[in-house]
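Colleague: Pasting a structure here, questions to come.
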Amino acid sequence: MASEDVVGKTSATIANIAEEAKIAASENVKAPSRQTLLGISKSLVAGGVAGGVSRTAVAPLERLKILLQVQNPHAIKYSGTIQGLKYIWRTEGFRGMFKGNGTNCARIVPNSAVKFFSYEEASKGILWLYRQQPGNEDAELTPLLRLGAGACAGIIAMSATYPMDLVRGRITVQTEKSGTQYRGIAHALRTVLREEGPRALYKGWLPSVIGVVPYVGLNFAVYESLKDWLIKSRPFGLVEDTELSVITKLACGAAAGTVGQTVAYPLDVIRRRMQMVGWKHAGSVVKGDGKSAMEYNGMIDAFRKTVRHEGFGALYKGLVPNSVKVVPSIAIAFVSYEVIKDILKVDMRISD
């Protein structure tokens, strides 16, 4: 199956990165020991809270981004960031600005928790496997190894919570004029299963997996590498001792988010459009006024039809609000994770 091929190729890519990377010497590290149940719980809590806080802070921009991505080109209602936010406020009020945020938090909390925890464990595992090779006994993580760990963590987290992401997207898009209203996550999941079948819960999964590598992988790689560089070089007096300030961590997170979202954005547009396929009760935002929604037979078909009917620029619809929201969102997520991790005293170091 396609999904198995993607996971297999991604695993092979991560393995090749570990084999080909040339890394500097450091202290010898043995195989990572098993964390206690308490330590695992603290790690999951730190990642979950970080995700929930960051998404809530930018919920209006997140909803507008999705509306711009999936709206029918024959019935444009949202033509820009300011106009779109004003239109939502005028037609749906304050609650409309945060529509789908509860579902998003319910999804992003376990997603972020699994992603951050998986990254920590994948980093340890990849480094340990690399150090088993002759001549690599003294090795440390590099951007390439971090990229592999970040990609692995992203695929695990995204796959585990993908059905929730699909229904979250639909709840975010639906308006008062939509046919059948989803009343929440459970009702949406039941409705999709009954009307479209279990495979519908993973519509758009393929471009999501492909997008994980540049998006999540680069997020972690850029963030961690910037932190290490700042600590080692101490430019402009930004670092005191071996600790970075919250503002500096915020800047690192912002840079990481900007790089990741720019590279992977077209795949995000295609994923979101594929999630709307087969939705019988979609509102006019998706179907248009008296028009029919675009049908796609797969990722390549979605790319081809989007570019043919709307031009190459359609692959970047919603990029402006996404750029505005992704920088503070990811920055807040990373800083929240670091702060909560320190509060809970979670030991993320590779143990002897």
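The backbone N, Cα and C atoms fix where each Cβ goes, glycine too.
Model, not experiment: these values are computed from the prediction.
Relevant sequence annotations retrieved from TrEMBL are reproduced here:
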- 38-125: repeat 'Solcar' (REPEAT)
- 141-229: repeat 'Solcar' (REPEAT)
- 244-343: repeat 'Solcar' (REPEAT)
Colleague: To what whole number does the mean pLDDT across the repeat 'Solcar' (244-343) round?
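Modeller: Its mean pLDDT is 82.
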Colleague: Taking helix as H, G and I and strand as E and B in DSSP, count the residues of the repeat 'Solcar' (141-229) in helix, strand and coil.
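Modeller: Summed by class, the stretch gives 73 helix, 0 strand, 16 coil.
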